[in-house]
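The structure under discussion appears below in the form of structure tokens.
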Amino acid sequence: MDWTWRFLFVVAAATGVQSQVQLVQSGAEVKKPGSSVKVSCKASGGTFSSYAISWVRQAPGQGLEWMGGIIPIFGTANYAQKFQGRVTITADKSTSTAYMELSSLRSEDTAVYYCAR
């Protein structure tokens, strides 16, 4: 595989233990620079609409970085300034699923991406 033109985009599952909410994310993706990726986060075992869903990422050797979040009942997302214009976070209340789409991918976007409640 030509790693000059591709990089790994990984997502990982997170579990909300206190509220017994489980968040299950879509799998790992390999994308080319300049493309976009959309990952999902399906909630089960609790109320989806009333609580914020955040997206964070962790690049190799780095700490956690908050990208943005959404409260599904309101439908309006907030984004970290760093990602403004490149990230779109949405939620589908009917399927209890949140989505994060990141566009104009760069090599420095290689990271593990988490959804969290």
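Placed from the backbone N, Cα and C atoms, the Cβ positions cover glycine too.
Taken from Swiss-Prot, the feature pyrrolidone carboxylic acid applies to GLN20, supported by experimental evidence. Counting every protein chain shown, 10 other Cβ atoms lie within 10 Å of the Cβ of GLN20 (pyrrolidone carboxylic acid).
Positions annotated as domain 'Ig-like' by Swiss-Prot, on the basis of sequence analysis: 20-117.
The disulfide bond annotation in Swiss-Prot covers CYS41-CYS115, and the record cites experimental evidence as its basis. Counting Cβ atoms from all protein chains shown, CYS41 (disulfide bond) has 26 others lying within 10 Å of its own Cβ. In the three-state DSSP scheme, CYS41 (disulfide bond) is classed as strand.
According to Swiss-Prot, the region 'Framework-2' annotation covers 53-69. Here the region 'Framework-2' (53-69) has long-range neighbours at 23, 41, 43, 77-80, 82-83, 87, 89, 91, 98, 100, 102, 108, 110-117, meaning same-chain residues at least 6 beyond its ends whose C-beta is under 8 angstroms from one of its own.
Predicted-model confidence for the region 'Complementarity-determining-2' (70-77) is 94, expressed as mean pLDDT. Look at Swiss-Prot and you will find 70-77 tagged as region 'Complementarity-determining-2', backed by similarity to another entry.
What Swiss-Prot records for 78-115 is region 'Framework-3'. Remote same-chain residues near the region 'Framework-3' (78-115) are listed as 7-12, 14, 23, 25, 31-44, 48-49, 53-60, 62, 64-70, 72 (criterion: CB distance under 8 Å, separation of at least six residues from the stretch ends).
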Counts of helix, strand and coil residues, the region 'Complementarity-determining-2' (70-77), according to DSSP: 0 helix, 2 strand, 6 coil
Inter-residue Cα distance where the pair is GLN20 (pyrrolidone carboxylic acid) and CYS41 (disulfide bond), in Å: 15
Packing count at CYS115 (disulfide bond) (other Cβ atoms within 10 Å of its Cβ): 28
Within the domain 'Ig-like' (20-117), residues counted as helix, strand or coil by DSSP: 6 helix, 50 strand, 42 coil
